[in-house]
Amino acid sequence: MAAKMAHSMKSEEKQRLLDSEHPVPTNSVVDMENVAADDDLLGNRNIEHPTSNFDTMVHLLKGNIGTGILAMPDAFRNAGWVIGLFGTLTMGIICTHCMHMLVECSRELCRRTQTPSLSFAEVVEAACRTGPEFLQRKAKVAKFILNIFLFITQMGFCCVYYVFVAVNLQEVVKHYFVDLPVYWYFVFLMVPLVLLNWVKSLKYLTPASLFASIVMSTGLIITFFYMLQGLSPVSTINAFSSWGQLPLYFGTAVYAFEGIGVVLPLESNMRNPQDFGGWNGVLNRGMIVVAVLYTAVGFFGYLKYGDKAVLGSVTLLLPADEILAQSVRLMMAVAILLSYSLQFYVPFNIIWPSIEHHFQDEKTRQYAEYFTRTALVFITFIFAVAIPNLGAVISLVGAFSSSALAMIFPPLVEIVTFWPDKMARNDWMLWKNIVIVTIGFLGFLTGSYVSICNILNPGATT
């Protein structure tokens, strides 16, 4: 069941980003004498069905393990096994630290605003509104920028899902029936995707999500079975790759660590939220498992397939003449197809509020909603047709938008939240955050540039 909440929990958090029950107070002045202690706020959260530490750990694992894990062998090919091995573990440490920063900032801002819990976008807004004076008027703008990156990230995920389903179906049909260009599969998939995304409530997608989780978990187990057989010596693969390929590695790796969006809702729904942080808390234990698992898949996948690991998904490297291997491709394609609508839920809810107020009549508004849903699916269709290279799409999405959400926003939010009390100019915390933002920004620039070059001129960086 390693994949159920990898889709549902992400979508639940992204729903919270848009439809919060706890708006940030517009008054930036905080009466510190009446501010409750952190423990009081954590204990006074009114949660109907709080989760245990174990439940939270399971949800955290599922929220971080998605389609990115299948692309890790390609990431190691772009980095070499030495850089891939230590770089992925280091990336895991940095991303986990950024998650801790986001949680700590959320708790501090909840204390200031006397709000039980805040979403990612609300944290950004509250940090600016209660932070330095020159940023207070920019709070709404900051929240808008975060939602733009969230929109781009989720639409990028939808494009990745679209391409993933098409190329895996193509491999199965080509082997048993007829060899059709992948573009035909993009066309065929339009109808089921549009119909799935006409479903307005996530609760009606729960059965499909559960089925997708079971199917994907089974596919991952079988993939490991193939990947760990007949491994070659380490000397047969590159220890280091070229400098030109490293940005592609960064994009794929940061795409894989895509779980920062589930951190705040998980922490806010715990029975004992104080157990979430700390060196032996739920977050650290869960992310250690995630980092080790991603590193193992990347290393052993690259060791097994070498330079063939260039297709963006290890499922495409499984033997074509075995029914079990073909069943994995089919299972993964079905699972991702059913999960597309969960990723789609967020960008629609970001853009729809700005559209619906133009329509006063209820019937007209319903037609406009169906048209908007269809149009967004068609946009992912256009990008999928334009960029059918799965590995390149994953790297571009990771470098351009995931890096901002995972490595740029959290350090900036911490600087704004605790300036100047804990962020004096000579404070090591400030410089540590500046280093993380710099790494994220450099990865954003170089990863996006190299990924776009790789899309326009495939093979130029390999």
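From the backbone N, Cα and C atoms, a Cβ is placed for every residue, glycine too.
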1-25, 51-75, 101-125 - the range that TrEMBL marks as region 'Disordered': 1-25
Tertiary contacts of the transmembrane segment (434-457) (same chain, 6+ residues out, Cβ under 8 Å): 94, 97-98, 244-248, 250-251, 254, 387, 389, 392-393, 395-396, 398-400, 403-404, 406-408, 411-412
Per Cβ pairs under 8 Å, the stretch of 286-303, 323-346, 367-387 packing most closely against the transmembrane segment (248-266): 286-303
Sequence-remote partners of the transmembrane segment (79-103) [C-beta within less than 8 Å, at least six residues beyond its ends]: 72, 120, 123, 234, 237-241, 245-246, 249, 253-254, 257, 259-260, 263-264, 267, 276-277, 283-284, 287-288, 290-291, 294-295, 298-299, 302-303, 406-407, 410-411, 413-414, 433, 436, 439
Contact between the transmembrane segment (176-196) and the transmembrane segment (367-387) (at least 3 Cβ pairs under 8 Å, separation 6+): yes
Stretch among 144-164, 286-303, 323-346, 367-387 sharing the most Cβ pairs under 8 Å with the transmembrane segment (208-228): 323-346
Residues from the same chain, set at least six apart from the ends of the transmembrane segment (144-164), whose C-beta lies under 8 A from its own: 14, 17-18, 67, 120-121, 124, 186, 189, 193, 258, 261, 312-313, 332-333, 336-337, 339-340, 343-344, 346-347, 350-351, 376, 379-381, 383-384, 387-390, 393-394, 396-397, 400-402, 404-405, 409
